[in-house]
Amino acid sequence: MTTRIDTKFAELKAEGRPALVTYFMGGDPDLETALKVMKALPKAGADVIELGMPFSDPMADGPAIQAAGLRALNAGQTLAKTLYMAAEFRKEDDTTPIVMMGYYNPIYVYGVERFLTDAKASGVDGLIVVDLPSEMDAELCIPAMKAGINFIRLTTPTTDDKRLPKVLHNSSGFVYYVSMNGITGAAIADTAKVGEAVRHIKKSTDLPICVGFGVKTPEQAAAIATHADGVVVGTAIVNAIAGELDEKGKVKGDPVAAATQLVHALAESVRATRLEAAQ
C-alpha cells in the first residue's frame, strides 16, 4: 500500500530536492490556534507535518517542547482532540502527509485498536513513537502496518551495525536520523558527520532519511539538506509560537504568522540548497 508519505517523497525525489518536515505541538497554545498553524504550514513550504501528541512526561524532549506540551495539556488538549486536528486539516488538504509523534502511554490509554482506527479515519499517515523500541513491534508497529499507517523509526549516532537492522526492520515511510544524542533543541550537529551517517544508513535501507534534532535556522537546515532526503525542524517552530504568547501561555501576538514566516524561510533555504547542489 502506498501512503501519502511514499507519494510525497517520490515526488520530491523526482524534483531533486529534500523535504522540509515541520514539527509542532498539537493544541499549543490552544486547539484553535494550533489548528490554524497546522493549516498554514503547507502554504508556507512544509512538505510533511509532524503533529506532536502532548504527554506529561516527555523524556526525549527539551525544555521548549516540554513547555509546549504542558501549555497544550493545560488548555485541555487530549489525544482525541489531536486526532480531530488531523481530521479538520484533511478537509482542506488531502496530500500533505501527517505524522503523529509522541509517546506510547497516551495511545495505550486510548486503546491501540481504537487509536489506529481513528487515526486512519482522520487521515494520519505515519507514527513516530519515541519510547517503543523494535523489540515491542507487536504492541503498535505491526498493528499500524496492518492498518496502512507508516511506522517511522529513530536512529542515532550510537545505533551500531548490530542494532541498525533491528531498528530498520518493519520501518516504513522514512527513517528519522537523530543527528545527536540528547534532547530535542540541543546544539547543531556536525554536518560532515551527518553526511557520513546518512550514507551509512542508506546502505541498509531504500527508505528516505530525514535528519532532525538541533536544526534551528535556515542556514543550518540548508547545511543538513545537502546530505539528507529531508530536514526536520521542531524546536525552532515551537519557539516561534511561544514568542507570541504571554507569560501565562495565552496568545498576545500572532503565533500563526511567526510560525509560517520561519517555515517559509526554512523552505526557501532547503529548496535552494539541493538546486545548487544539482547544478
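Cβ coordinates are placed from backbone N, Cα and C, and glycine is handled just like the others.
If you look up Swiss-Prot, you'll see Glu50, Asp61 marked as active site, proton acceptor.
Here the C-alpha separation of Glu50 (active site, proton acceptor) and Asp61 (active site, proton acceptor) works out to 14 Å. The number of other Cβ atoms within 10 Å of the Cβ belonging to Asp61 (active site, proton acceptor), over all protein chains shown, comes to 24.
Of all the Cβ atoms in the protein chains shown, 27 others lie within 10 Å of the Cβ of Glu50 (active site, proton acceptor). Under the DSSP three-state reduction, Asp61 (active site, proton acceptor) is assigned to coil, being neither helix nor strand.
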